[in-house]
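Novice: First, the structure itself, so that you have it in front of you.
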Amino acid sequence: MEESEEPADAGQSLPPVYIYSPEYVSVCDSLAKVPKRASMVHSLIEAYALHKQMRIVKPKVASMEEMASFHTDAYLQHLQKVSEDGDDDHPDSIEYGLGYDCPATEGIFDYAAAVGGATITAAQCLIDGMCKVAINWSGGWHHAKKDEASGFCYLNDAVLGILRLRRKFDRILYVDLDLHHGDGVEDAFSFTSKVMTVSLHKFSPGFFPGTGDVSDVGLGKGRYYSVNVPIQDCIQDERYYHICESVLKEVYIAFNPKAVVLQLGADTIAGDPMCSFNMTPVGIGKCLKYILQWELATLILGGGGYNLANTARCWTYLTGVILGKTLSSEIPDHEFFTAYGPDYVLEITPSCRPDRNEPHRVQQILNYIKGNLKHVV
């Protein structure tokens, strides 16, 4: 793996907070789309002994009142009812986005409250000055709307985390590096100039959620405070980092954020079943380092990532980046060791698919964004 000359959190004496408890991991393991992913991620972090270099904080479960800081009472009450009954055929469920990619399985409300509470706990650690970086790898469910589940997301923990951080920090920057557009977070803050959302994502006809073109810039007082970077298939580390750094450099100057929420969905990584981008953890790690050098209060979230072993590889590598640690290439022996065959290494090799992002189109998008950011005051 790439060498780190100095810790990414150099100058920050406080260790990162790592949101974890066995109970929390067990609840997150139950999500049907990513079964046991939370355990795989934590076990690999533990196998590299990274947990010993972080402050482990047990998450609280979100209260109904905390969840209602964004979601409607009607949606939360319906989610709770179908969760208790395990009723996936309730006639009102379609209205609330439940079914198909968000099935109303038994216990889903408890899962949503656990994830929401974990991200709120992480945000509170930053508010309390307990750390400069707080990590909730099982968070980052960025598609949920205030009254609707969407795209495997039942509760928008990212929005709840931002709302909690707003109690202390005046201007919050949300950066979303998931394969999919962070539409739920953008929608939540599309009318405000206090939260800027930046999303790099695949934008292609028929690809979920279908929003996030470069011309989508926010509304009303929030006009120009939504930044969307549409990307085509097969992008690799070097070009992705060039785009990310170019955008974030301009965003930082224009917006002057006081805290950052960073969603690091691993469905961009080569080998993901989404079969779209062609990234490795090293490329995402460079983007992460760029943000960490601002030395702002930073809340780190997971998100997508459907090749479970590669997602664990990615988030473990990124945890190492946060700690300024170079990790051994060889996967240590641990509970899920056999999932990392046939090579049993931390590195992920990109495929040979050609990058479909034409340099002149990329430059057009960057110029458009730079022009829009001139309106940010």
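Cβ atoms are placed via backbone N, Cα and C, with glycine included.
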Novice: For the substrate site that Swiss-Prot lists with Asp101, Tyr306, give the additional residue from the candidates Gly151, Gly161, Gly265.
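Specialist: So the substrate site in Swiss-Prot includes Asp101, Tyr306 plus, from the candidates Gly151, Gly161, Gly265, Gly151.
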Novice: Need one residue: from Asp92, Asp110, Asp237, Asp267, the one Swiss-Prot lists with Asp178, His180 for divalent metal cation.
Specialist: Asp267
Novice: Which ones, of the recorded positions Ser39, His143, Tyr306, have a Cα no more than 10 Å from the Cα of His180 (divalent metal cation binding site)?
Specialist: His143
Novice: Ser39 (phosphoserine): which of the recorded positions Asp101, His143, Gly151, Asp267 is the nearest Cα neighbour?
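Specialist: Nearest candidate: Asp267.
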Novice: How big is the Cα-to-Cα gap, in Å, between Tyr306 (substrate binding site) and Asp267 (divalent metal cation binding site)?
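Specialist: Here the two Cα atoms are 6 Å apart.
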Novice: In angstrom units, rounded to an integer, how far apart are the Cα atoms of Gly151 (substrate binding site) and His143 (active site, proton acceptor)?
Specialist: 6
Novice: Out of His143, Asp178, Asp267, the recorded positions in the record, which is closest to Asp101 (substrate binding site) when you go by Cα distance?
Specialist: His143
Novice: Counting every protein chain present, what is the number of Cβ atoms, excluding its own, within 10 Å of the Cβ of Asp101 (substrate binding site)?
Specialist: 14
